[in-house]
Structure formats: C-alpha cells, structure tokens
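Taken verbatim from TrEMBL:
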type	residues	note
TRANSMEM	12-33	transmembrane segment
COILED	51-78	coiled coil
ACT_SITE	155	active site, proton donor/acceptor
ACT_SITE	218	active site, acyl-thioester intermediate
TRANSMEM	253-274	transmembrane segment
C-alpha cells in the first residue's frame, strides 16, 4: 500500500514537472512564433506588391511614379514639414484587412545588417505600424531624387514582431535599401544618427540637392520618450554589396530562439527517459 502511494506521488511530481517545462517552453517560444507568423504575412504582402507591379504596364507604373514625384516637388517648393510624431496618438486608425494592407504598399525596405525586410505603407497608422514600416506624411515619398527627404517609421519592442527593434545596431557606413516595383532598388548609406525629442523635426528638413531617407523609431527601449533618427544618403546600388551585407547579417534573438527551444525539448525528453530508466531498475527484482 505504501509503495502504491509512493508511485502515485512520483507520477504526480513527474506530471507537474512536465507541465512546468511545457509552460516554460510556451512562454519562451511565444515571441519567436508570433514574429515568424508576422514575417510570413509580411513576405506574402511583399510578393503580392511585386506581382502586382509586374502586371502593371510600364505606362501605369510611370504615371504612379510621376504622381509621387510631383508631390515631392510640392514638398520641396512649399517647404512642408512632417505634421506629427508617427508614434503619437494622432496616428489614424483603419480597418485591419488583408486587402487594406495590400492596397497601401508603396515599396519595400531591406536592412540586411539587422535581418529586416518590410513592406512600406503609404500612411502612418497603428495598424500599419504593427505590420511593417510606414511612410510619414508631410515628407518626400521614398522614390529618390534630388532635394528629397523621406521619413520611414517603424515600431520597436513589440513582442509579436521584430520590425525596427534592432535599428540602434546600425552605425555610420551601413546600408539599407528601398525596393520599388518589381526590379528597381535604391541604396542608402547611413551618415547620421541622433536622438531627439518627439516634436523635434529640424533634422527631417529637405536639403537642396540631397537625396535622404531617415528611419525613425522610439527610444530608449520600452520607455519610448525620445526618437532615434538614422539618416542615409543615396549611393549607387551595387548588387554584390547588397549580397555581401546579407551574408554578414548577425544571428539575433529570433534566430537563436529555435535553437534554445529545441535544446530544452531534448533536455525534457532526456529527463523523462532517465527517470523511467531509474524507476525500472529500482522496481526490477534483484538476483540472489
């Protein structure tokens, strides 16, 4: 009877241990799983954008490009400044549907050093910020050209998506890329990094003859009291250099997490096997 109680107690302890380990694995894997799902959705949106661009005639694409170029000229001549902080409560809300996301993509931003490739949406809304990068209204469209300065915003520190979380890792000399349509790619080299107050837009002004893009995110991490500005100037696009940047991409948290999770699962399996083996040895009769 005592032995039966002991076996029941041991089984209860084993079950509790397994439940604790499973719960722990669930907590650890949550950011990785959510980020992977978000990345999958983003890549589908990017493929749709590129496929749609491929189906458009050259004339249609040129008309769309000319419309944005005209808007950029107006921004330059009228000296228009960004109207609001992209992370403020003023950011508009929209209905979140897959079609809405697809209809608002104007390009793709790739930052090889931090393993980021995101759709660029044509409005700054909370829904778009949760899915990718957003163009900040009141700045130049990110299509390049002299006397332009586009601002692209991205969230940092979301549990469900990486987005611009690692933007502080960029240093002067690093590159990022803007993909327009199916085949046009513009390269930018980081030349200025600074932290400013949310209302300080003095660094986002257009400079005559310059082709700038500034990436914006919140800082410090999880406090978000200031804005990190990472500016790049246009440089010639060299495919080999972009491939080199991709190869040098760092192994980050979201890449490392699957290895940790697999290791913990294997550790759990070994514990269960070891306990069963030890129990079977104890329960087997000893030879005289």
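Positions of Cβ are set from backbone N, Cα and C atoms, glycine also.
Any TrEMBL annotation is an automated prediction that lacks curation.
If you take the Cα of the residue listed as 'active site, acyl-thioester intermediate' and the Cα of residue 155 (active site, proton donor/acceptor), they are about 7 angstrom apart, rounded to a whole number. Summed and averaged per residue, pLDDT over the coiled coil (51-78) gives 72. Neighbours of residue 155 (active site, proton donor/acceptor), defined as other CB atoms within 10 A of its CB across all chains, total 23.
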